[in-house]
Amino acid sequence: MKTRTTYSGLVDETFVGQTVTLHGWVQKRRSLGNLIFVDLRDREGLVQLVFNQDNADILALANTLRNEYVIEVTGMVQARDEAAINPDMKTGKVEVIVSELTILNEAKNLPFEIKDGITTSEETKLKYRYLDLRRPEMQQAIIRRSQITQAAHKYLDNNGFLNIETPDLTRSTPEGARDYLVPSRVYPGSFYALPQSPQVFKQLLMDAGFDRYYQMARCFRDEDLRGDRQPEFTQIDVETSFMSAEEIQEQAEGIIKQVMQDVMHIDVPTPFKRMKWQEAMDRYGSDKPDIRFDLEIQDLTEMMKTSSFKVFSDTANSGNLVRAIVVPEGAAKYSRKMLDEQTEYIKRYGARGMAWVKVVDGELTGPAAKFLKEQEAELLSALSAKDGDLVLFVADKFQVVCDSLGYLRKHFAHDMGLVDESQFAYLWVVDWPLFEYDEGFGRWIAAHHPFTRPNDSDVDLLETDPHKAHAQSYDIILNGYELGGGSLRIYQRDIQERMFKALGISPETYEEQFGHLLSAMDYGFPPHGGFAIGLDRFAMLLAGRDNIRDVIAFPKNSHASEPMTNAPSRVAPAQLDELGLEVEPEVEKD
């Protein structure tokens, strides 16, 4: 096999008159008798090959080529005739007149075409993932991911960070999701856990004096899957010592700025906008707001305390909220049926319903209009609602109102075409609550993780009013997605123990699970903090994809299985015996 001169997709006018050797896959063959055209594909794109009757043996061999045959060709690059130029191809101004052809491998009939825009099922594409990855859009998505990691390495290496690996086999600790457990053959009955994050280890590296750490960390969480989640994922993981929260955020911005410059050729302005958690919830109904469009939530609670609309007044006077969004020019676009569908949809957030009115000729119309007649002028003024606008109301508890209106503003903004899809809007959400109440557990849990440092002024609230305490934490948001986040960490043993107790973790439990971390705090643990950026999600957004599976070479499906290798799978009884394990037989359900 000859050495390749260049990639097929890079052959342009600068190669005219040169002899090149190319390797790749046959995308398409077109035969015109004594002339055969072949599109040769590799990761950089396509180039047109020409086989003519100057070499009858090669022409005959070219006639046997089929889609996805792997070939090697050598030939002269020439400019195409003006009429033959293809403006849709990067290499559309040139072609290669082939003088040598070698078939390196053949291909059977394919389960689907190797091209973009196919309608093949996701399961089939995952079963033949190696073929799916040949499609140009998938190649570009994976390449985009590689470019992001290269840019991140570049920034971190140039700014004094040390690339240090942490263990993938560690002990099981509660971090929110279920652990993936690995049985130990050497210690029967004992298990390792795959890390949900390198959190404790990277903090211990700070105690060891490696004040600027990073790695492309592999993380594992046994949780229910959504479109932007996988059981195994990668994060750009960073930890530093002796930095303020603002200085740490500057490092995260530096990584993102480098990535945007190198990968997207966009210079994003820094520092990024900062918004407190409470403001984000009040204005956008979300702790990860998409700020590319307005449709901000407006509070009508005080006004509605005196409303004759009993649903609103009762809600407002019971300590709950009445809030609304105005959809500009939405009155004519949305029918009652369409709005009823959205009313039904937000019930999944706990909402009892959604009221709506339309502004027509300066007056309110619609089902709720008659109940708001007395306050019509005041309401129109407060909302700055104009003719043709649609107003949506939700009255309920804080979280229900936020979740419902947060969803509605995104839904209607996208449906109305109000979102600039070409924009990358970065935002820091800061000043988070330290705890959040988990209805399922019936207790307070850490909003981020139990190592997050409280605001200095809130430490004493750990024992008295934990729900009032705020954290020195920060999330980085991109276009309504949580791209990553971090915090300053607790570095004093007494505060860490108080944090554990506030979470309902007994001294016996936290000593058993985190004794090594607490012990380290007795030996001069420095102030420290850090962050992690989700590489998969970052790549998904920069590649313009809707699912992180598209930027992972070999992902799991929505059932956490992998159709290509049929993982997970049963193992041989001898392997179970060696590990001292016994699998209970499946019981058929009635």
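Glycine is treated like the rest: Cβ placed from N, Cα and C.
What Swiss-Prot records for Glu175, Arg221, His448, Arg489 is L-aspartate binding site, and it gives sequence analysis as the kind of evidence. Neighbour density for Arg489 (L-aspartate binding site): within 10 A of its CB lie 23 other CB atoms from the protein chains shown.
Look at the region 'Aspartate' (199-202): DSSP puts its residues at 4 helix, 0 strand, 0 coil. The region 'Aspartate' annotation in Swiss-Prot covers 199-202 and rests on sequence analysis.
What Swiss-Prot records for Arg221, Asp222, Glu223, Gln230, Glu482, Gly534, Leu535, Asp536, Arg537 is ATP binding site. Within 10 Å of the C-beta of Arg537 (ATP binding site) we count 21 further C-beta atoms, all protein chains included.
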Diameter of the ATP binding set by C-alpha atoms, the set being Arg221, Asp222, Glu223, Gln230, Glu482, Gly534, Leu535, Asp536, Arg537, in angstrom: 19
Candidates Arg221, His448, Arg489 (binding-site residues) - the one closest to Arg537 (ATP binding site) by CA: Arg221
Three-class DSSP secondary structure - Arg537 (ATP binding site): helix
Cβ packing number for Glu223 (ATP binding site), 10 Å threshold: 14
Per-residue pLDDT averaged over the region 'Aspartate' (199-202), given as an integer: 97
DSSP-derived structure type at His448 (L-aspartate binding site), helix or strand or else coil: coil
Cβ-Cβ neighbours of Arg221 (L-aspartate binding site) (radius 10 Å): 21
Between Leu535 (ATP binding site) and Arg489 (L-aspartate binding site): CA-CA distance (Å): 22
